[in-house]
Amino acid sequence: MLVDSPFIPASALEIEAQKSLEPPGSGPAFGRRLATLALRGGALAVFVGVLVVFSAAAPFFLTIGNIGNVLGQSAIAGVLAIGLTIVIIAGGSNVVTGGIDLSLAANMGLSAAVYASLVQAGQGDGVAILGALGTGLAIGAVNAAAVTLAGIVPLLATLAVMNVVAGLELVLTQNTVVPAATDFLSALSAGGPFGIPVLAYILLGFTFVVAAVVQYTPLGLRLYAVGAFPDAARAAGLPIRSFVAGSFLASGLCGGFAGILSVSYLSGSTTGAGDMLLPVVVTALLGTVFSRRLVPTITGTLLSALFVGFLINGFQLLNISSTLVSGVQGLLILLVVSATTLLGRKESI
C-alpha cells in the first residue's frame, strides 16, 4: 500500500493502480481475497444461471440472432455505463462522496433531441453529429465545473444538472417525438454480419478502444490512482482536479454518443430518457463484481451490460411485467453496494 509521501513518483502510483487490476493472490488480506473471489464467482454463477433458466424456458433465447439483439439493445445503456464507469474510476467508488454522474440519461435525451432537431431543420448528419457530441461535452463541462471548481459533491451536482438538462430537452422538443431519418441513421440501425445488429459491433468496438486506454495505458492507470489513492496521487504531483474534470468530459461525450445511437435505434428523439438512468447505474455498479478485484473496469461494465440485457430480454420473452424488472435492478444495486461496502470495511480493519 502506498504511503502519503511527497517523494512517491507517478510511476509508483501507476504500479499500485495496476495491482488493483491484477488477480488476487495470497497475503495478509487473504480473507478478503477469498471473499472477493466468492463474490465474483457468485456473480458469474448467477450470470450462467440466468442464461440456463431463460434458455430452458425459451429455446431460442441463446440463438445467435437473439444474442445479437441483446447486444444491439444494450448498446445505448452500455455506452452510457462506460461513461459512468470512467467517472467512478476517477472519483472513487464511495457511494456518497465518490464519482457519480446522474445526468447521463438526461444528457443522452438532450443530445438526441439536438441531433433530431438539426436533421429536421435540414442540416446534414455531420452537423447533427457535432451538435450532439457538443451538447454532451457541454453538459460534461458543467458537471466538471460544479464538482472541481464549485466543490459540490458529485451526487448533488449531477442531480441538479440532470434536472436542468431534462427541462431543456422538454423545451426543445415541446414534449413531443422528433422524427429523424437519414441514410447514416439507417446504416447504424441495420443488421450487420452474421445477422448481428451494427449497434452491437459499435458497442464492442467502443468498449475495446476505451478499455485499451483506461486499463492499459499510463494515463488510465493514473486515473485509477487518482480515484483509489487521492492523497498519494496529490503528493505525487498528479493534477487530481484535471483528472476528475476530464472524467466528466469523457462521460459527457459518452452521453452525446449514446444520443446519436438512440436516434438511430428509435428513428428520432423520444421523451422518457430518464428511464435509462436505473439500468445505467445498475450496469456500472454491477460491473465491479465482474472484475478481478472488485474494482470498476470497462470490460467488467461490458459483461454487466450483457447480463442486464439478457435479464431484460428474458423477462420480455416470458412476458414478465416491466415493473418486476425495475425491482430486480434496484435489488441488484442494493446487493452490489452492500457487498462492496462490507468488503471495504473488512479491508480497513
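Placement of Cβ uses the backbone N, Cα and C atoms for every residue, glycine included.
Per TrEMBL, the features are as follows:
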{"type": "TRANSMEM", "residues": "42-64", "note": "transmembrane segment"}
{"type": "TRANSMEM", "residues": "70-90", "note": "transmembrane segment"}
{"type": "TRANSMEM", "residues": "102-121", "note": "transmembrane segment"}
{"type": "TRANSMEM", "residues": "127-146", "note": "transmembrane segment"}
{"type": "TRANSMEM", "residues": "153-174", "note": "transmembrane segment"}
{"type": "TRANSMEM", "residues": "194-214", "note": "transmembrane segment"}
{"type": "TRANSMEM", "residues": "243-266", "note": "transmembrane segment"}
{"type": "TRANSMEM", "residues": "272-290", "note": "transmembrane segment"}
{"type": "TRANSMEM", "residues": "297-318", "note": "transmembrane segment"}
{"type": "TRANSMEM", "residues": "324-344", "note": "transmembrane segment"}
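Scored by C-beta pairs under 8 angstroms, the transmembrane segment (42-64) has its highest count with 272-290, from the stretches 102-121, 127-146, 153-174, 243-266, 272-290. Counting Cβ pairs closer than 8 Å and at least 6 residues apart in sequence, the transmembrane segment (272-290) and the transmembrane segment (194-214) reach fewer than three and form no contact.
The transmembrane segment (297-318) is in contact with the transmembrane segment (70-90), judged by 3+ CB-CB distances under 8 Å for residue pairs 6 or more apart in sequence.
Sequence-remote contacts of a segment are chain residues at least 6 beyond its ends whose Cβ falls under 8 Å from one of its Cβ atoms, and for the transmembrane segment (153-174) they are 87, 91, 96-103, 105-107, 109-110, 113-114, 117, 139, 142-143, 146-147, 269, 271, 273-274, 277. Counting Cβ pairs closer than 8 Å to the transmembrane segment (127-146), the top stretch among 70-90, 194-214, 243-266 is 243-266. When Cβ-Cβ distances below 8 Å are used as the criterion, the transmembrane segment (70-90) is approached by residues 98-101, 104-105, 108, 154, 196-200, 202-204, 206-207, 210, 214, 223-224, 226-227, 243-244, 246-248, 250-255, 257-258, 261-262, 265, 276, 279-281, 283-284, 287, 296-298, 300-302, 304-306, 308-310, 312-313 of the same chain, each at least six residues removed from its ends. Taking Cβ pairs closer than 8 Å, the transmembrane segment (194-214) reaches residues 64-65, 67-69, 71-72, 74-76, 78-79, 82, 86, 89, 187-188, 220, 223, 257, 261, 264-265, 297-299, 301-302, 305 in its own chain, all 6 or more past its ends.
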